[in-house]
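Participant: Below are the structure tokens for one structure; questions will follow.
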């Protein structure tokens, strides 16, 4: 159901689940980002600190905006917050690419091409949301997928530089995000909540990959 053609209506139970699940994600994102910052400072790496901040802030923004959007009951406020909620997805995708492209693919022109293209797409997607989220939501979803798999442009390069466990974490995280879109597209009860779990899983997998394998490449 929609309230005014743009705002989705969920049951109280769904909204509690949505708020709690991504509220937990926000707490984990703050903790995880703190760990990355400490590691970067201890190893005196400006590059590691920079990409850690970009990735970490994108995680914190996404989960915080999602939790606030689902937790606020006022329809008008919710309508505005939904724009920020969708915009934060573009930020997370671009933020997640940044460590891989600037650290793992450091010195490789493809890394700069991919990260530049993804951030441009993120800016374009956010602009579309701001103009008219209702009319551009489907296009935005397509853009999520295109951005998410833009790494295929540098597929051979990323395989060459990442250890095998890191590659699988990267791949499985991408599959989790993309697979969750199936539930996101369904208009049945608790399907959006399941999408939240897929997003959490994708974030955890990518965080482990970045924290354990990618960030140390900058030390």
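Note: Cβ is positioned from N, Cα and C throughout, glycine not excepted.
Not my notes, these are from TrEMBL:
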TRANSMEM  20-42  transmembrane segment
TRANSMEM  48-71  transmembrane segment
BINDING   70, 192, 196  Zn(2+) binding site
TRANSMEM  83-105  transmembrane segment
TRANSMEM  111-130  transmembrane segment
TRANSMEM  142-159  transmembrane segment
TRANSMEM  165-185  transmembrane segment
TRANSMEM  197-215  transmembrane segment
Participant: Go through the chain and flag residues at least 6 beyond the ends of the transmembrane segment (111-130) whose CB is under 8 A from any CB in it; none is fine as an answer.
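Facilitator: Same-chain residues near the transmembrane segment (111-130) but 6 or more away: 83, 86-87, 90-91, 93-94, 97-98, 100-102, 104-105, 136, 139-140, 143-144, 146-147, 150-151, 153-154, 157.
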Participant: Does residue 196 (Zn(2+) binding site) have same-chain partners at least 6 apart in sequence with Cβ under 8 Å from its own Cβ, and which are they?
Facilitator: 17, 18, 21, 22, 66
Participant: Give me the sequence-ordered set of same-chain residues, not including 70, 192, 196, with a C-beta within 8 angstroms of the centroid of the Zn(2+) site's C-beta atoms.
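Facilitator: Going along the sequence, the neighbours appear as 10, 14, 15, 17, 18, 19, 21, 22, 66, 193, 195.
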Participant: Who are the chain neighbours of the transmembrane segment (48-71) in space, where the CB to CB distance is under 8 Å and they lie at least 6 residues beyond its ends?
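Facilitator: Counting only partners 6 or more residues beyond its ends, the transmembrane segment (48-71) has Cβ contacts under 8 Å with 10, 15, 18-20, 22-23, 25-26, 28-30, 32-33, 36-37, 39-41, 78, 81-82, 84-85, 87-89, 91-92, 94-96, 98-99, 102-103, 196, 203, 207, 210, 215, 218-219.
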Participant: What same-chain residues, at least 6 away in sequence, bring their CB to under 8 Å of the CB of residue 70 (Zn(2+) binding site)?
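Facilitator: Looking at Cβ-Cβ distances below 8 Å from residue 70 (Zn(2+) binding site), excluding near sequence neighbours, one finds 10, 15, 18, 19, 22.
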Participant: Look up residue 192 (Zn(2+) binding site) in the DSSP assignment and reduce it to helix, strand or coil.
Facilitator: helix
